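A.B. asks: Pasting in a structure now, in structure tokens, and then I'll have a few things to ask.
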Amino acid sequence: MEEGSRQLSETTTSNYLERQADEGERDPESNTLQQPLLKRNRTLSSNPLALVGAKVSHIESLDYEINENDLFKHDWRTRSKVQVLQYIFSKWSLAFLVGLLTGLIATIINLAVENIAGYKLLAVISQIEKKRYLTGLLYFTAVNFFLTLFASLLCVCFAPTAAGPGIPEIKAYLNGVDTPNMFGATTLIVKIFGSIGAVSAGLDLGKEGPLVHIGSCIASLLGQGGPDNYRLKWRWLRYFNNDRDRRDLITCGSSAGVCAAFRSPVGGVLFALEEVATWWRSALLWRTFCSTAVVVVVLRAFIEICNSGKCGLFGRGGLIMFDVSNVTVRYHVMDIIPVTLIGIIGGVLGSLYNHLLHKVLRLYNIINEKGRIHKLLLSLSVSLFTSVCLYCLPFLAKCTQCDQSFPEKCPTNGRSGNFKQFNCPDGYYNDLATLLLTTSDDAVRNIFSSNTSNEFHPTSLLIFFALYCVLGLITFGIAVPSGLFLPIILMGSAYGRLLGLAMGTSTTIDQGLFAVLGAASLMAGSMRMTVSLCVIFLELTNNLLLLPITMIVLLIAKTVGDSFNPSIYEIILHLKGLPFLDANPEPWMRNITVGELADAKPPVVTLRGVEKVARIVDVLKNTTHNAFPVIDNDVVPPTGSAIGATELHGLILRAHLLKVLKKKWFLQEKRRTEEWEVREKFTWVDLAEREGKIEEVPVTREEMEMYVDLHPLTNTTPYTVVESMSVAKAMVLFRQVGLRHLLIVPKYQAAGIPPVIGILTRQDLRAHNILSAFPHLANSKSREKQG
């Protein structure tokens with residue numbers, strides 16, 4: 001699995017990395033003050049570059065750790081009960097607003113999609129009724145072409161990060177990776193209007209993934225007070241000016257987005273817990289549930305409004321997702337055989353889909369590198385192919401006579417309905433047109449329909465399945481907002497219904513239920529979700545009798561899929577080069593210690609407690625480290641010999657050093673400051689802000705000779721590990737606590753031994769980077785696999 005991950009990361013960004021290496025780019029976490037002309041072969045370093053949007057960007061980690069310096073401790077001691085209550089109230093208020101705004105935007109997106117696509121389909125159907133088939137094709141293709149052009153232009157020209165689902169980048173952010181421009185106001189606006197255009201164009205993509213990204217963007221913007229250029233400076237927002245609280249808000253936003261997509265509040269919370277969040281606690285569980293509860297209330301309110309006919313063409317079948325609550329659930333012990341078979345097929349097809357999609361995305365990356373025009377041409381080509389297939393393939397299906405036992409009107413001539421007449425005479429319907437010439441939500445409702453065992457011909461279902469397999473592969477990756485949920489649901493429901501037809505009278509399970517189980521199995525086989533997916537389908541169907549067989553299908557599909565390749569989101573993470581830390585370390589990581597990693601890195605750069613300004617400027621200009629250990633020499637320990645004793649005072653961040661230089665907090669003589677002196681110049685809110693670059697901070701020659709007392713700004717409680725600890729254990733600590741820096745301290749303490757021997761960062765703990773510095777571990781890895 002690791003070798004596959006390494007290949008994905010290397011293949012996708014190899015051209016960029018080679019170009020950057022030729023230009024002399026340096027590793028932000030392991031660049032030294034004096035760069036040697038010849039580097040050692042055995043050096044633990046890597047270029048932290050990732051594909052974000054349309055370009056390769058430098059990736060930095062996030063500071064989730066609480067910075068316990070003197071300012072923080074003073075603020076914590078002096079914070080009144082009113083301020084504590086204000087902070088708690090603000091967190092719950094923001095969680096409420098995240099749910100409210102996500103629900104409103106999801107409603108607007110769905111109303112727009114249903115009305116735009118609905119009027120388009122009504123116009124096409126009117127042409128078909130008049131036997132103007134070529135005119136209908138031209139109109140259908142032209143409208144889809146311009147809708148795709150609109151969505152693609154928005155992404156290509158204004159916000160390249162809005163393309164795709166956004167879920168892998170959210171996973172990376174919550175894992176501790178800062179992805180640039182992923183949660184900005186421009187990205188949010190493009191995501192909303194781009195989703196409307198892309199879904200209305202009939203492309204094989206859904207709005208579920210984009211809704212998760214939209215919810216996260218809303219949460220991020222609320223937490224920081226709006227866009228960067230127009231940020232609100234309200235006093236109560238100062239509490240959230242840090243990566244830690246922003247992470248919690250984005251977690252609420254992602255769960256609200258899933259709830260808005262599937263109308264599943266509990267499923268949304270579990271999705272955030274199971275799929276996207278790396279770090280979790282009980283208080284966060286309650287706030288995410290608050291956000292999803294507000295979303296459900298908003299959706300329910302608009303459902304009531306739309307049912308009265310005030311939403312144009314929209315209002316049938318609930319507001320957003322697929323109402324399959326009328327599925328008749330009957331099964332006995334022998335039905336475990338088809339249920340198991342569905343799970344196995346879902347796992348195999350899901351892993352195959354992941355494999356093929358990986359190949360397609362690598363090809364698309366090569367095309368997208370050529371520029372904006374190629375991105376637009378790729379999107380428009382997919383739109384033309386999709387439109388022609390959706391319109392022309394129903395002509396291959398035979399007309400079926402309507403049965404009086406059908407629960408719905410047959411045939412139907414509107415944009416929706418289970419029995420579309422299309423080109424058939426009166427009293428007949430075209431089953432393939434029922435699935436293809438409609439909106440994606442209606443297509444799922446139709447294929448999920450129960451008590452209609454003879455509605456769809458096997459040939460029509462086979463054509464539908466084959467078409468959506470092709471469209472699902474070629475559509476994902478173009479420059480429009482897109483989601484994976486709906487294409488996978490459509491594919492899975494098709495083969496599930498085909499299996500139901502093949503089983504015939506040998507099972508009591510309804511064919512609509514077979515379609516539901518097929519969709520669940522393919523989603524588990526591709527995305528590898530189980531608990532959240534089970535609850536989502538349970539909330540969709542409103543039927544607890546589905547729980548046992550759904551659990552069996554999901555567990556089997558995930559187990560089978562895991563034996564072949566990673567989940568689709570992990571594949572995309574590696575393709576983009578995002579340094580995501582997996583939950584489980586590789587077994588061979590127990591064969592190497594963090595001390596050996598420190599030996600493979602350049603020497604650690606340290607600062608003294610009272611440091612000269614010239615030294616600080618030199619360090620900031622000639623390294624790209626984001627933190628530096630602060631060491632005090634010649635200290636007097638409480639016990640033992642004072643000769644040569646040193647003290648590790650803590651860790652100071654680059655942003656705090658830049659803040660010191662910017663505010664000119666300098667001393668004429670080398671001394672330690674009093675506690676009140678630092679509070680006159682800084683507040684803990686100031687230290688939460690990220691500063692710019694050292695080149696932007698002017699320092700005069702006279703100021704270079706002054707001093708800075710770093711003690712009050714230093715985090716005195718950094719996380720440390722002993723050099724004898726295994727890399728596997730250190731990686732678990734690093735990921736679970738959400739660290740950016742992990743100090744390595746020596747096993748033996750004595751005079752002359754430095755108190756810190758190295759710093760571990762995210763890049764140092766990635767398996768690929770360790771193997772590049774220690775190739776012999778790859779041999780032990782292969783032996784473990786053979787054993």
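Note that Cβ sites are derived from N, Cα and C of the backbone, with glycine treated the same way.
According to TrEMBL:
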COMPBIAS  1-17  compositional bias 'Polar residues'
REGION    1-35  region 'Disordered'
COMPBIAS  19-29  compositional bias 'Basic and acidic residues'
TRANSMEM  92-113  transmembrane segment
TRANSMEM  134-162  transmembrane segment
TRANSMEM  284-303  transmembrane segment
TRANSMEM  336-356  transmembrane segment
TRANSMEM  376-397  transmembrane segment
TRANSMEM  461-491  transmembrane segment
TRANSMEM  544-561  transmembrane segment
DOMAIN    714-779  domain 'CBS'
A.B. asks: State the non-local partners of the transmembrane segment (461-491) in its own chain: residues 6+ outside its ends, Cβ under 8 Å from one of its Cβ atoms.
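C.D. replies: Same-chain contacts beyond the ends: 148, 151-152, 155-156, 160, 162-166, 190-191, 194-195, 197-198, 203-211, 213, 261, 349-350, 353, 356-357, 360-361, 364, 368, 375-376, 378-379, 382, 385-386, 389, 393, 396-397, 432, 435-436, 440, 443-444, 447, 497-498, 501, 519, 522-523, 526-527, 568.
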A.B. asks: State the non-local partners of the transmembrane segment (92-113) in its own chain: residues 6+ outside its ends, Cβ under 8 Å from one of its Cβ atoms.
C.D. replies: 192, 195-196, 199-200, 207, 211, 214-215, 218-219, 222-223, 240, 249, 252-253, 256-257, 259-261, 287-288, 290-299, 302, 306, 311-312, 314, 319-320, 439
A.B. asks: Provide the three-state DSSP residue tally for the domain 'CBS' (714-779): helix first, then strand, then coil.
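C.D. replies: The composition, in the requested order, is 25 helix, 12 strand, 29 coil.
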A.B. asks: Please work out whether the transmembrane segment (376-397) lies in contact with the transmembrane segment (134-162), by counting C-beta pairs under 8 angstroms that are 6 or more apart in sequence and asking whether there are at least 3.
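C.D. replies: Contact between the transmembrane segment (376-397) and the transmembrane segment (134-162): present.
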A.B. asks: By a Cβ-Cβ criterion of under 8 Å, what residues six or more beyond either terminus of the transmembrane segment (284-303) are in contact with it?
C.D. replies: 91-92, 95-96, 98-100, 102-104, 106-107, 248, 251-253, 255-256, 258-260, 263, 265-266, 268-269, 272-273, 277, 311, 315, 318-320
A.B. asks: List, by number or range, the same-chain residues at least 6 past the transmembrane segment (336-356) whose CB is under 8 A from its CB atoms?
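C.D. replies: 469, 472-473, 488, 491-492, 495-496, 499-500, 503, 507, 509, 514, 517-518, 520-527, 549, 552-561, 563-568, 571.
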